[in-house]
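Structure, as structure tokens:
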């Protein structure tokens, strides 16, 4: 194996990514080197491409980015015992310290010292990625490489949707991006009564309909209260999944929640994001922030959802070769795509 590989690198502090030859990551005693077969583009990667304020504050330059992937093990460290060369795997992109209170209590997703693959350390937009053995997730034979490559965002959706009991509940999802749609699918499959998803992007709304969401609302044209009445809802929503990061959508959600309703919040809010906190108080709402996946219960559940028949393939709207990565990022930046999966093989 050559000691060099091609990778997408944030090599300059400006808009874009660049394909370069970089050293293959070194494998420590407890590490696993994975030959990447498929990579998916995340919204985080778009922020890095755009070199926005968050990226400028967060991403060291140069950096191999990317964190959504699947592949097979190419090399294992001397102390690795659970995996073998050639095994099909994906990986958890949040690397935790294992020493803080939350880690030692089995709540690794709450680690204060989390490092992000492709954010704080070299990522998966390369021919190889190296992660600790503890972050490796084996992929069953009945799950394809491209579905495994989108398990990271699917895990965000599963973590968000399963934050609260859904059986018999009426659920509102604000934001029909890929994660919002997958969250709505999880809610529907988990026994929710009514599942309503809202957005203002026609392409995303069409994609939600294509994937079988029953009640798809264009918030720029339709009144949510009228939709609730039309589908037989006499009280507010029991559970809200906020995936948009848009203040108008979140405010509308708060207005439409039943007293005592529960809201899981994954959408990242911009500066100046304002809501009416008196409504939160007097409606006695329960708000929960979500970041990443619960390790590794969320992974177990998302694998089970797919093996149980949940078809995520329509959420992948673009399949491209890695050398055409610019086309993939253009599709993502347009807002008119679902997931974009890039083939390294």
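A Cβ is built for glycine as well, from the same backbone N, Cα and C atoms used for every other residue.
In the record from Swiss-Prot, residues 199, 204, 266, 267, 268, 290, 291 bind NAD(+); the candidate from 179, 213, 254, 303 listed for the same site is 179. Residue 199 (NAD(+) binding site) sits 19 Å from residue 42 (Zn(2+) 1 binding site), counting Cα to Cα. Residue 42 (Zn(2+) 1 binding site) falls within neither a helix nor a strand when secondary structure is assigned with DSSP, and so counts as coil.
Sequence-distant neighbours of residue 42 (Zn(2+) 1 binding site) (same chain, 6+ residues apart, CB-CB distance under 8 A): 66, 67, 68, 152, 153. A helical conformation is recorded for residue 103 (Zn(2+) 2 binding site) in the three-state DSSP classification.
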